[in-house]
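Chemist: Questions regarding the structure given below will be posed in turn.
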Amino acid sequence: MAHAAVADSVKDERIVVNQREYWVHTVEKGETLYAISRRYGISLTEIATANPDIYYGLKKGAKLRIPIPPSQRGKQDTVRPEFVIHIVEPGENLFQLSRQYGISVRSIRLANRLKSDTLRVHETLRIPTQELPNAADTLQFIVHVVAKGESLFGLAKSYGVGQDDILRLNPEVEAQGLQAGQVVRIPTKPGGVPEKGEEDFTPATPEPAVVSPCDASVAFGKGRTLEVALILPFTQGGKRRDDTPVEPEEEAVSSHSPGVDGRFLDFYQGFLLAVERYKFLGYSIRLKVIDSQQNPDLLNGLVNSGQLEEANLIVGPVYPKAISVVSQWAAARRISLVSPLSGKTPSFEANPFLFQANPSDITQIRQMVANLPLEGVRRVVMISETTPADEDLANNVELMLQSEVARRPGADSITVQVVNHAQANDPRKTDPNINRALDPRGLTLVIVPSTREPYVSEVLGQLNTLAIRDKRNIRVFGLPKWLKMENLDFAQLINLHVTIASPFYVDYSSQLVSNFIDDYRSTYRAEPSKFAFQGYDVANYFMGAIFEYGEDFRYCLPSLQVPLLQNSFRFVQSQQFGSYESTGIYLIEFTKSGLMPIGQ
């Protein structure tokens, strides 16, 4: 009798997984597994078998699959579902699924935006219940990520186009050949893109809309559940094996539970607020949170356990060595992986699914040099130490300066000069070489590529003396690490208009920031740290990217517009098929009102 009551009263969504029908139940606050079992007339064992994660506990808003008894199957189906769900079993391929469900391989490919015929075990596929319109006929091209061992002949045969058609869209392939991980464009019909000068249209007939990887048609719709894994080292869990600092670096003081690193708990709490924002907007998200304990052995076990197989997005781990454990595993499964905090993530040339959210120091310096305000400037001076401590860095910065000045308008009127300056024993004396290098009549931009606080302090003291005594107009540009130097003279920083590159800046006057702070306070009864801001930004950006552009969002990042709290994400690929690093920075100037961004 319980089954009949369910049929009359329950209006839950129905899905079909591997030809088995389920109700989808959304867990309510305070609801128990026993109560759900009684409601549907299903045993606890049946529910647990269909939902293995239930052993981690029930959470409000969680989605459970409830097996529909045979007597209830087929009822309430006034509208035929557009798709059924199939979880790939070992040995299955697209042709077998096509025969099993009576639907063409083409429609299965279109429904899942598959770029090859290779399927992953446990991969979730949407199987259309009827043939999809031949949308591929309106495509100019689709994109394909080259797998190891693939050839031009094989690609042409797989997609039913000529090798010349592929080469026409990818001229670099003819010169360099195919390489694993390379992204190539495949024409959607033989003949590819018309040769220059050709015309093929009928004036009386509107041209079909062109679907690109960045059209709304590839978005991750509200009807699907986004699976997100968040991996953070909340607890020590044994000896720490990686001492690489994370950004934004703050003292690891926790007001939370003993043994829990407060920085990562703050990041998690900010992350959760972004998740709740998207849920409020109607999106479905399932978040799995994992404590990596700064233990590579634990991570090795994690990637081999299958816990991450269903993820559409993995955020974390934090430290570079931990990232290296997960990176190649995720790349092989085409799962986007975000390094959320460290600016020292190793380079993975063959992983186009890895995103480094924080730019490295050298990237920040490069972006600072690229944005130097050179208009009206006649002299650019670099002051470097004669010791080998920062020699490589100084050489790199000098090359950046020479290259940047050479490409700017009016380059012939700008002089770049390098002054090798040893730290003076008597800070009251000024280096005559520095004085001679400065423009006596106009503004001089001075770059000091040093990470040693005593040296930086001494150079700033000399420049400040020259600015006051000799009326020199000086603007100093420094390194990101200067923001962590505690003994620099604040008055000198202001007087010399010292400007630093930083990937972070919070505008506390903005409504977005104000709303976040209010939400954080009301939710956690605490003030948000920089880590909380970072957690929100990372979740907001990458989940927003998937919801708008689907799981292949990396092709569309230049078009993505997501409001952020403290970041200015601008991702650039390290090579044609390498990993991505954010190059977005703020140039922040020391002023009487505090740190203020310039050029915003």
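Note: Cβ is positioned from N, Cα and C throughout, glycine not excepted.
Residues annotated as domain 'LysM' in TrEMBL: 23-66, 84-127, 142-186. Residues or ranges marked as region 'Disordered' by TrEMBL: 187-208, 238-257.
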Chemist: Please work out the mean pLDDT for the residues of the domain 'LysM' (23-66).
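Modeler: PLDDT averaged over the stretch: 74.
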Chemist: Could you give the number of helix, strand and coil residues in the domain 'LysM' (23-66) as assigned by DSSP?
Modeler: 20 helix, 8 strand, 16 coil
Chemist: Could you put numbers on the helix, strand and coil content of the domain 'LysM' (84-127), residue by residue per DSSP?
Modeler: 16 helix, 8 strand, 20 coil
Chemist: For the domain 'LysM' (142-186), DSSP counts of helix, strand and coil?
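Modeler: Secondary-structure breakdown of the domain 'LysM' (142-186): 21 helix, 8 strand, 16 coil.
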